[in-house]
C-alpha cells in the first residue's frame, strides 16, 4: 500500500508540475550522511542517493571526461529510487561539490535543488583544485561582492590573496575561495604545504556596469507596412554592459529576421539591438517581442509591439457630419473628417468642383496627424457668408487608394429688404410700389397700409393690405435664387399715404415704409429740395475755398537761431527775427542797382542777377545776386523776407556762406543783395561735370543713372536736365548766356552792361607757388581757372568747405534746417557757399519737398527727430550734412533712390535703414556719412570734428591754400566784411599817432565799442563758456570755438567767441592781420547772442 501511494504521488507531481506545494517531495538523501568528507589520494569512494522519484548526480568531473567516475542505478524493494556514484583512483581534480537531485525538478534555466556533500582529496603536490577554462575570469558588477575561486584540496591549508604583490585581506572558504569586494585587476592565491609554496595562476577581476533593474525600451519606426517593405524594430538597454537579448516574432521560425547590435558609450552606456525583416509579407503580421536578461543577475525584462502588414495601401474616411448641413450667417463652424490611411495620403478640399485656395482667410483647411495612420482634416468657415453656400468635397488619396465625401452647405441668411421704390404712372396719378428682399430661406412678402399719415408711428394705424381691395392690385412675388420681389399697384393716389413692406423667413422679420405723395404736392416738394441743394452747394464751395486759401503754402526762412534750451534738451526756443534790430549801414541806394536776367524763380519770389555801383572802394562795379518777392506776395511773406535780412546782418561774414552785401528796404519792394555765385547750385554742377569725372576715374564703372533720373544714352534728355533748372526753381548756371528773362530797371549810361563787368576781386583766390607733387591737383581745386573738370579732390574740397561753413553757422547757434546740395552754390574758384534758396524754388512742384500743413518739408534730408518730433538742432543739420555727402559722391543723385516718401519710408527710417555707400565714395567718406546718420543725435560728430576729419583726407597744401584764401577774404574790403567794421580813417580824423600799432589799438577799441552799442538793443543772456587753456590754444585751429559752441548748444544754446590758432598758422600770420587793421577775433565775428 505504501509503495503504490508513493508511485501515485510522483505521477501526480509529474502531471501537474513541480510548482505546486501540494506535490512537494522531500529532498533526496545522500549516504554517507555528511556535509563534507576527506578522501585519501588515489583511493576510491562511493556515494548513494535515495529519493522518492528518479534522481541524478552533479559532480566536478563529467563522466565523459573522467573514466574514473561511474554512476549507476540500483533497485530495492522499498519503492525508493537509488543512484550510486563511484570514483576510483581519486585525485585533486575530484575535489568539489557532489549534488543529488530529482530529475523532474531540474530545467535548463533553474538552479539545481537537492542534497549536497563536499569531497576533499588532499594532494601534497597540488595545493589548489585545478581551474576550469573560465575560472580565471571573474566578472563582477560595480561595487558588488565577488568570489575568487582558488579552492584547496585540503581544508587545513592556509591561503593568502595578493594583488600586484600586495596582500589583500578577505574572508576565505576552502570550498569557494576568497569572498569580498575587489577592485579591478589581477589576483594570485598563495598557499604553503609542508614548507612548499604554491601559487595559482592570475585571476583577472573585471567590473561591469549593471543595474538592479533592466531599463529596456522598444521602438518601431512604424507599425503598419505594405507587402514588400522592410520591417525595422529596435530594443535598447540602458546602463548595462552585458545583456542577453532574445527576439520573438512571426518570421522567427523561418529565420527571416536579421539582428544587429550597436554599443553606444557616450553620454551613457546604451546597447541597441535591431531586428530587420526584409520584404515583409502578410504572414509577418503579429507580435514582435524582445526579452533581455542580465548576465550577472537573474533580472529579465520584456517588451512587445504589434505590427500589421497589408497587401497594399488603404484609405478610410469617417466624416463627423451629414451630407446636408446649414450654418447661420456670420457663424464660425468646423467640419471634421477622420481619416485612416497608409501610405501618407494627400488631402484636398473642393467647393463646387473647384479646389479651395489654401491662403483664404474666410475658409481655412487644416490637417493634423493624430496617430501613425490616423489623420484629422478640418474645414473651417470664419464668419460664414451667403456665398459660402455650395457643395464641398474632401478627397483623400495615396498611391494605392482614393476616397471622397461630398456634402451640401447652406448659409441661413436673415430676411432683409434690398429696395423699396415707387413707380409713377404719369399724369393719371397711379403708382406701383416694388419691394425687393433677400434671405435664405427665401422670405415671404406682405403689405400693410397707413392712410392717416400723422398717426403712422402707432402700429394700430397700420392694416394688412388685402389683394381684393378696389383700385389696389397685389402681384405674386417673383422669386430668384436668393431674392424675391413683390409689387402693389395703386390706381390713383389722391392724398399722402404710407405703405409698409414686410419680409420674413425663419430667422427674422424686417419692414420698410414708403410715403406715397399726391402729384400736386410732389412738385412743390421738388422745388423746395432743389433750392435747398443749391444753397448747400454754395456754402460748401465757400468753405472749400477758405480752407484752400488757408492751406496755401507760405514762404518762411528755414534758418533759425537758438535762444535757449530746456533743461531736458527736448524743447528749443528760437529767436524771433522780427525782434532783431536792422542796422541802416546795410542800406544800399536803389539807384545804384541795375537788375538783369532772372537766375531762379519760385512760388514766392525770385533771384535776379544785378549790377551794383559803389558797393565797395576797390571794386566800384560789382556783379551781385538780388533776392526779391513777387508782386503778389502777402504781408506774411514780406515779413519772412525781412526776417531773413535781419538774420543775415547778425550772422556776419564767412567765406563759405552766401554773404549779405546790402539791402534795399525803403521806398519800394525789399531787395536783399548777396554774392553772385558763378557756377550756380552744386547739384547742377555735379550733373554737368559727371562725364569729365568719369573720364578721369575710369576705374569707377559707369552704371545706369537711375538715381539721377537720366538715361545715359539720351544726350538730349541729359542736356535738358542740366540746363533747364530755372523752370523747377533751382539756381541757374550763371555761366550760361542764353536768352533769359530780364527785369526792366534804370540802367546807368556811363557804364557797360553786366556782361562786361570784371569779376569780383573776392571771387578770385590768391595764387601760390608749386611746393609739392600734389600742388597741381590742389591748384585745380582753388583756382580761377574756367576749367570745369571734376576730380575726387574736388568732391572732398566741396565736403570740407560745407563743413567749415556749417561750423561757422553752428558757432552762431544758427540751425539751417534745409542743408542740401541744391542750397549750396559754387562761386568762382570752386568756392562753396551755403545759402537758403527756398524763395526762388517752386517747392509746391518740387519732388524733394513733401507737403505738411501749410508748408513743404525736405523729408529725405531731415533727421528722424525733425521728422517725428519737429526738433531742429545743429545735430539735425549734421544728419542733413551726411545726406549732402551722399549727393556729392553720387554726383548729384537723389537720396534714397527709387523710394517714395510714404509710410514705408518713415518705418524704414525708424527701424534704422540707411543708404548704401555711393559709387564714388571711399570707405573713409562713407564712415563719415554713417556717423552723421546715427539715430541718437548726441552721438553724431559736431561740424568742428567733421571739418577736422575731412581736412585729414585732403593734401596738406590744400589746407594752407584754403587758410590763405580765407585770410585774404577777411582782410579785403568785401562789403560783407567792411560793413562789420568801423572805418578807422573816418572815425579818427585829426588824431596823430606815434606809430601804426597805437592807431590799430584805438581802431580795435572803437570797433568793439561800436559793436556793443549796435547790439545793445538785443542781447540774449547765455552762460559763458570756459576759456581755452593756453596750452591747448597752441594746438587748435583758428576757429570761432565752434566745437565748444556746438557741443554746448545741446545743453545751453550758448556760443563762444574765443580765438583759436590753427595748427598750420604762424604767429606772423596773425601779426600780419594786425598790421592791416584787423582784430584777430574779427576772423570769426562775435555772435550777436
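Note that Cβ sites are derived from N, Cα and C of the backbone, with glycine treated the same way.
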Remark   = transmembrane segment per Swiss-Prot, picked from 487-507, 508-528, 529-549, is residues 529-549
Query = Residue counts in helix (H, G, I), strand (E, B) and coil for the domain 'Ig-like C2-type 1' (25-113), per DSSP?
reply = 6 helix, 37 strand, 46 coil
Remark   = Whole-Å Cα distance, residue 599 (ATP binding site) to residue 49 (disulfide bond), is 138
Task = Looking only at C-alpha atoms, tell me how far residue 458 (N-linked glycosylation site) is from residue 607 (ATP binding site), rounded to the nearest Å.
result = 76
Task = Take the domain 'Ig-like C2-type 2' (117-201) and average the pLDDT across it for me.
result = 90
Ask   = Of the recorded positions 179, 189, 353, 607, which one sits closest to residue 290 (disulfide bond) when you measure Cα to Cα?
value = 179
Query = Under the DSSP assignment, what numbers of helix, strand and coil residues are found in the domain 'Ig-like C2-type 2' (117-201)?
reply = 0 helix, 42 strand, 43 coil
Task = Enter the number of other CB atoms within 10 angstroms of the CB of residue 189 (disulfide bond).
result = 24
